[in-house]
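Student: Swiss-Prot feature annotations, pasted as is:
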type	residues	note
TRANSMEM	4-24	transmembrane segment
TRANSMEM	84-104	transmembrane segment
TRANSMEM	111-129	transmembrane segment
TRANSMEM	134-154	transmembrane segment
TRANSMEM	168-188	transmembrane segment
TRANSMEM	243-263	transmembrane segment
TRANSMEM	273-293	transmembrane segment
TRANSMEM	306-326	transmembrane segment
TRANSMEM	331-351	transmembrane segment
TRANSMEM	387-407	transmembrane segment
TRANSMEM	417-437	transmembrane segment
TRANSMEM	463-483	transmembrane segment
Amino acid sequence: MNYFPWLTIIVVLPISAGSLILFLPYKGNKTIRWYTICICILELLITTYAFCYHFQLDDPLIQLEEDYKWVNFFDFHWRLGIDGLSIGPILLTGFITTLATLAARPVTRDSRLLHLLMLAMYSGQIGSFSSRDLLLFFIMWELELIPVYLLLSMWGGGKKRLYSATKFILYTAGGSIFLLMGVLGMDLYGSNEPTLNFETLANQSYPVALEILFYFGFIIAFAVKSPIIPLHTWLPDTHGEAHYSTCMLLAGILLKMGAYGLIRINMELLPHAHSIFSPWLVIVGTMQIIYAASTSPGQRNLKKRIAYSSVSHMGFIIIGIGSITDAGLNGAILQIISHGFIGAALFFLAGTSYDRIRLIYLDEMGGIAIQMPKIFTMFSSFSMASLALPGMSGFVAELIVFFGIITSQKYFLMPKILITFVMAIGMILTPIYSLSMSRQMFYGYKLFNTTNSFFSDSGPRELFVSISIFLPVIGIGIYPDFVLSLSVDKVEAILSNYFYR
């Protein structure tokens with residue numbers, strides 16, 4: 001047991017400091033903005049320090065554990081802890097949220113509330129990744145809903161922002177009902193004393209029918225958030241209307257919470273049901289890659305096209321989770337981190353382009369590479385990362401998932417060949433929509449009626465955010481062990497404890 005409450009500080013600091021924004025004397029947006037950025041940087045530094053000096057990489061068990069009794073009636077504890085599965089997403093959350101706060105600089109309306117909501121999201125995301133109590137996980141999961149709804153409805157850029165915000169909250173709240181039913185069902189089943197402790201629940205056995213019922217409840221909630229087809233339709237609308245700082249948080253972190261939940265709860269707590277349904281996950285993931293890669297080129301809206309590319313990339317994560325192999329699951333975790341960076345960067349650059357040319361439809365753009373060479377260079381680089389160019393993080397992640405499904409002992413040879421073939425088609429379709437997006441934006445003749453003096457290329461802020469994201473994308477592509485070393489022992493423990501015993 002760890003005696004210094006590192007994780008409690010990391011979870012509580014953002015929302016506590018965010019609440020103080022309301023009491024700060026108003027001296028302009030600049031003060032609030034710098035206060036929020038300083039809180040995010042402080043949080044990231046504390047997290048990095050705690051993980052560097054108090055986390056043992058070669059230990060697959062839960063570390064930095066904290067356990068405080070909260071509600072005695074149904075064994076509800078403030079129970080936190082991290083392992084190799086959660087450390088990567090937590091660091092990703094800190095990194096992307098800090099840059100998203102910097103990206104929100106152009107927003108001047110209701111600046112206090114905006115930054116409070118971003119910090120509240122920060123706490124909810126870190127809390128979800130570090131919870132070791134099922135009900136605490138649910139509460140942290142729900143902490144996301146209202147901030148995202150308000151960020152969409154108040155600072156969204158399009159005419160349909162209220163529609164998109166309502167659609168988001170209906171989908172996610174609907175999924176959360178199934179999540180709550182699963183949480184309460186697991187809490188009340190079996191033992192004389194109800195328990196929500198992950199450790200206890202991992203060793204709990206259920207009748208097959210009941211385990212499948214719980215599995216369905218959880219997978220619906222996580223399928224909405226991931227998203228998994230056909231529960232993905234909120235995502236393009238949400239991304240199409242949201243401010244790009246919100247899009248960075250959605251693409252970089254929020255979608256990854258669904259994938260994390262699939263591994264943490266469906267795989268770890270319900271292994272027999274997962275073993276039964278993993279072939280269906282692989283099939284759905286394969287269909288998702290093809291479906292989203294085929295749908296993306298038909299989108300006129302730039303941000304919707306990037307959103308469909310996110311849906312396609314999430315398909316690789318689902319296949320990795322369904323493969324039930326060391327390589328597949330490690331590849332899925334690497335893809336979670338990799339796409340967190342790439343998705344956030346693409347939305348950021350799409351937003352900075354919109355700030356300058358005030359156009360979001362691709363068929364109205366064209367020929368802006370000459371006026372904005374820095375944005376063109378960065379956008380092209382991240383497009384290459386998105387289509388899994390060798391040397392970048394996406395290539396390594398997708399290659400490891402490929403290897404995982406090919407070497408899986410669970411599937412016969414012909415299904416594996418078919419799945420691999422369809423995945424390869426999806427990877428061929430990815431450059432089609434990625435490169436056509438760049439061509440329509442940056443090449444050709446100038447199609448819009450604006451004077452050249454209107455344009456300004458990327459400033460120091462945009463360059464800093466873009467390069468800060470690009471460096472880890474290249475770093476992971478060249479040396480993926482930097483991320484894989486965090487999760488490899490935990491992945492081995494999950495698979496050996498639950499599938500090969």
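From the backbone N, Cα and C atoms, a Cβ is placed for every residue, glycine too.
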Student: The transmembrane segment (4-24): which same-chain residues, six or more beyond its ends, come within Cβ distance under 8 Å?
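Tutor: For the transmembrane segment (4-24), the nonlocal Cβ contacts are 31-32, 35-36, 39-40, 42-43, 46-47, 50, 54, 64, 66, 78, 80-82, 90, 112, 115-120, 122-124, 126-127, 130.
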Student: For the transmembrane segment (387-407) and the transmembrane segment (111-129), check the count of CB pairs under 8 Å (sequence separation 6 or more) and say whether it reaches 3 or more.
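Tutor: Output no: the transmembrane segment (387-407) is apart from the transmembrane segment (111-129).
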Student: Answer yes if the transmembrane segment (134-154) and the transmembrane segment (243-263) have at least three CB pairs under 8 Å among residue pairs 6 or more apart in sequence, and no otherwise.
Tutor: yes
Student: Applying the under-8 angstroms CB criterion, which one of 111-129, 331-351, 463-483 scores highest with the transmembrane segment (243-263)?
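Tutor: Maximum Cβ contact count belongs to 331-351.
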Student: Where else in the chain does the transmembrane segment (463-483) make close Cβ contacts, counting only residues six or more beyond its ends and a cut-off under 8 Å?
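Tutor: For the transmembrane segment (463-483), the far contacts come to 88, 95, 99, 102-103, 333-334, 337-338, 341-342, 344-345, 348-349, 374, 378, 381-382, 385, 390-397, 400.
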Student: Using a Cβ cut-off under 8 Å, which residues of the same chain at least 6 positions beyond either end of the transmembrane segment (111-129) come close to it?
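Tutor: For the transmembrane segment (111-129), the list is 10-15, 17-19, 21-22, 24, 26, 29, 32-33, 35-36, 39-40, 43, 47, 82, 86, 89-90, 93-94, 97, 100-101, 104, 136-137, 139-144, 147-148, 150-151, 154-155, 245, 249, 253-254, 257, 260-261.
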Student: Which bits of the chain, at least 6 residues beyond where the transmembrane segment (417-437) starts or stops, bring a Cβ under 8 A of a Cβ in it?
Tutor: 282-283, 286, 289-290, 293-294, 296-297, 302, 305-306, 308-309, 312, 315-316, 319, 362, 383-384, 386-388, 398, 402, 405-406, 411
